[in-house]
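Here's what TrEMBL has on this protein:
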- 1-23: signal peptide (SIGNAL)
- 33-55: transmembrane segment (TRANSMEM)
- 76-99: transmembrane segment (TRANSMEM)
- 119-138: transmembrane segment (TRANSMEM)
- 145-166: transmembrane segment (TRANSMEM)
- 186-209: transmembrane segment (TRANSMEM)
- 221-245: transmembrane segment (TRANSMEM)
- 257-280: transmembrane segment (TRANSMEM)
- 292-310: transmembrane segment (TRANSMEM)
- 344-364: transmembrane segment (TRANSMEM)
- 376-401: transmembrane segment (TRANSMEM)
- 490-553: domain 'PAS' (DOMAIN)
- 640-774: domain 'GGDEF' (DOMAIN)
- 783-1033: domain 'EAL' (DOMAIN)
- 1046-1077: region 'Disordered' (REGION)
Amino acid sequence: MRISSVFYLLLFSTVCLTGEAHASELSSLKANIDLTWVMAASALVMFMQAGFLMLEAGMVRSKNSINVAQKNLLDFVFSVAAFTILGFMLAFGKSYGIFGLDWRYLGLQDLTSQEAGFFVFQVMFCGTAATIVSGAIAERIRLSSYVVASVFLSAIIFPVFAHWAWGNALMPNEGAFLANMGFIDFAGSSVVHGTGGWVALAGCILLGAREGRFDRQGNPIRLAGHSPVLATTGGLLLFIGWLGFNGGSTLKADESVAFIILNTVLAGGFGTVTGFMFGYHQDGHYLPEKSLAGLIGGLVAVTAGCAVLTPLGAIVIGAIGGLVAVIANSVLEHKWKIDDAVGAIGAHGFAGVVGTIGLALLAPAEHFENGRQYQIMIQSLGAGLNFLVSFGLGFICFWFLKRFLRLRASREEELIGLNIAEHATRIGVGHVEDAMEKLLSGQRSFSQRLPAVAGDEAENLTGLFNKLMSNLEAEHKKLSELEILKTQSEEAERISALSNATFEGIAIHQNGMVIDGNPQIAELLDYSLEEVIGKSIMQFADERHRGRIERSIAENCSEPYEAVLVSKSGERIPVAIRGRMINYKGREVRISCFVDLRERKAAEEHIRIMAQHDALTGVANRSLFNAQLENAVKTSTPQRAIALILIDLDRFKNVNDVYGHPAGDIVIKETAARLKALAGVNDSVARLGGDEFAIIQRNILFTNQAADTGHRIVNELSRPIKIDDKKSVMVGASVGIALSPEHAKDAETIFSRADIALYHSKKTGRNISNIYRTGLNQLMEKRRALQADLEKALEEDEFELYYQPRINAKSLEIDSYEALLRWNHPQKGLVSPAEFIPVAEASGLIVDIDNWVFKRACRDAAEGLKGKHLSINVSPLGFQQRDFVKTIEETLEKTGTDPSQIELELTESMLIEDDERGLAVMKQLKRLGLSLALDDFGTGYSSLSYLSKYPFDTIKIDRNFVVALGQEKSAVAIMKVIIGLGKGLGMDIVAEGVETVEEAAFLRENECDQLQGYLISRPMTVEEIMHEVPLDIRCSILRAEPDDKTDMQVSSLRAVKDGSSESSELASDPDVSPKRA
């Protein structure tokens, strides 16, 4: 019993041990089969390298195909090296932050057989990513730069993202966060193809397009590949290799491989169909690149989900991937002008995104642990991170290469092709065809030859081409020589026939010796033709010009030049000479044409004189005067000084205004004539413009010489000037003088100081002469300072408006106000208008001041004047502005002011200069609803004519007439006439400067409409103005009226005379006169 038990026990132990041994053998066998499948799949993936090489080499031009093939080879071997040394560790080593860091994998130091097989498969993936970039940036990137980019992609870019997506393939890894979150990219739609596609996009952007890829309008030009057959063969090899690419990604041989390969075949097939059909829809032709893009797009799209998709899902995603690849490449090309030589960006980058995200929509839900919506999110995240990392790091890589290395081939290298530029090798006979094409299109001369390379397959054809070119060159040279002889013969006959018909002199000479000519050359030189022939041209040339003529003949110069010939009578004749070599009667000779320039030179001299002299007077103009002054100042010395005398006519404007411009021209011409008569032989007279003249007096020995000249000028120009048979005018002149070198040693300063002296003459009474002296410039400085203060006053709002009432003479009620400008200077206090208005008018600031006054007055009219009428002064310069009426209209609109409330005060001087324009402007102002007043009536010389000619509503009698009532016997009569005339024309009469009760009573009794003056009120601010006439003033005016009209006039005049002292006191007040703005 015990023995049997022991036997059975031993038998059972033996069976168990045998079973364990068998199981171990089965497990080992399965591992070996899995490894064998992975190696076989790796071999199929290797076919993809050959497929990519053939595809990309066929899709580029033959002159670059060797270069593209070399890049495919080199990117693979360098990626193997980079991935071995560093990339594999970063991708699949134990996580250390965002990448793997496992020294066991550094350089593949300690791998198991399974890990070694895994490495082989992954290095194929890495090489594929690098190869994708090669095709996109082909035909322009230098080989050395591309190798560096391939190393960077294989060592850094691909491994970093592979760690995130696949980093847990060999061991659990925290750094594989995308894989840990459930990201699915089975065989690398994003990890491999997306990485390659987005790096290619960065390269294309930084490299730019190939030469000739886009026309001047930016439209793409198709650069067809040299061998679509080779490219298509490469596409089929890719299809075969893709079976191993996707099938081998299982890393084991099981039943899933069949479905993976099925899905790959379906997606590739339907992607090709889509690309083929949509490509025809786009182009109307079956372009090979569209079918190939559809094929690769479909395969790339299915790669991410080939293990989880159903066959139907594979068909859909393959079709969409192919469609997106074709569309994306078209958009990149047409809209973004991105030149992708083989369409890799659309087929790998965009189709990779379709496959990565599409699987979450099309695969059965049981494959997603966290549901479809979550899977869509994680797939989108993975695709987005792939773009950011790949494009970003790729852009940085290519930017550094462009910055520190030569990234792109030169234009010359690109045109001849990178086969020759980088490999010194050519393929086929394309270079011979190119040379023939250029020859036929006229881009290559007969002297060009092709270099014959020993051993080259086109060596014999190149030799034949060069021999043909030599024969053509010899024939062409012979024909050219015959053509030249024929042309020269015909030209000689033509010259002989035409030389007699031309107006220019023609001489035919050999080595300067005249052998023939036309009658015109003889006539020009005043010789017979027989006397000219046989002599050297140099015999007829002026000595100073013989060298120029000799050089022209020696150098065979055909450019025209000027010289001087000497006639038989000794006259120097300016001529223009032009010549060239011809064949004349079998001899090489030179024909020269001589154009007589005497008339042209005379015309030029006349133009020069006209350009430097005043057309009206004939004296020098400012341009010539400036040059004369510069020269005179430079040559002046204390012993031989010069004086600059500036003359300005005093009343010239009045002549123009009253008698017209023809009369003004007579005055200007007569002034110039008198100044020329006064000037010495060596002196210069100039008209500087308008009524301004100048004299440069030379050889001044003492200052009184210049002073005497100045006084004589004043006296001479004070004499009447006759403007027609009956009329003469008295103009007068102011003179300013400065001496050099006493007062200045440069032209600008002496002119400035003479101008200061002239300004002083005008300010001290006119019709006098002054010599510059120290201190006079202070007046100019004061004027400049005042102008600067005025500019600041406008900016700082230092101006103020005061308002003086105008009362109804009958009712003694306030009818309106007049706006008066005041300047409250921050340091000087109130500045008199008499001081700053002339400066403002001279500088042009008066226009801005006018605008300020009108705006402020309109605002005050609405706010503080209780609807009363408001009278506003206008400056002459402001009235002359083209936009004067427009500015008035806009201000009225902006301020909301009723135009009927506003009266504009104009003076006669505004209308004299251009009475037609003045009348037109006044009519426009009337149409706006404004009232117009003639200010300072009686101070001009043609006042009465303006009352009937212009549409004035009001006459303002100047204050001087009111003051004259107590000083001149005729004042009463004049005042009555003015009032009566205005009344007869239906105008209102306003008397200014009413300062006494008696004046008011007189004007009131004689039917003056309105009174204005200090008797009623001083000018006040808008806040201070009175709105009613004080009772005591009203009573005083009423009491001053006598019963008898005659007695009233006599008593009024007596009272006015007795009160003249009071008026004088008032007149001295700075607010009384002048009133303006």
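In case you wondered, yes, glycine gets a Cβ from its N, Cα and C as well.
Since this is a predicted model, take the numbers as computed values, not measurements.
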Considering the transmembrane segment (76-99), which listed stretch of 33-55, 145-166, 221-245, 344-364, 376-401 counts the most C-beta pairs under 8 Å: 145-166
Long-range environment of the transmembrane segment (186-209) - Cβ separation under 8 angstroms, sequence gap at least 6: 125, 128-133, 135-137, 140-141, 149, 153, 157-158, 161-162, 165-166, 245-246, 249, 300-308, 337-340, 344-345, 347-353, 355-356, 382-383, 386-387, 390-391, 393-395, 397-399, 402, 407-408
Within the domain 'GGDEF' (640-774), residues counted as helix, strand or coil by DSSP: 59 helix, 39 strand, 37 coil
Long-range neighbours of the transmembrane segment (257-280), counting only residues six or more past its ends (CB under 8 A): 37, 239, 242-243, 246-247, 249-250, 286-287, 289-299, 301-303, 306-307, 309, 311, 313-315, 317-323, 325-327
Which of 33-55, 145-166, 221-245, 376-401 contacts the transmembrane segment (119-138) most, counting Cβ pairs under 8 Å: 33-55
Beyond the flanks of the transmembrane segment (145-166) by at least 6 residues, Cβ under 8 Å: 71, 74-75, 78-79, 81-83, 85-92, 95, 98-100, 122, 125-127, 129-130, 133-134, 137, 173, 175-179, 183, 185, 190-192, 195-196, 199, 203, 382, 385-386, 389-390, 393-394, 397-398, 401, 405-407
Residues of the parent chain within Cβ reach of the transmembrane segment (376-401), under 8 Å, 6 or more residues beyond its termini: 145, 148-149, 152-153, 156-157, 160-161, 164-165, 178, 181-185, 190-191, 194-203, 205-207, 349, 352-353, 356-357, 359-361, 407
Segment-level pLDDT (mean, integer) for the domain 'GGDEF' (640-774): 89
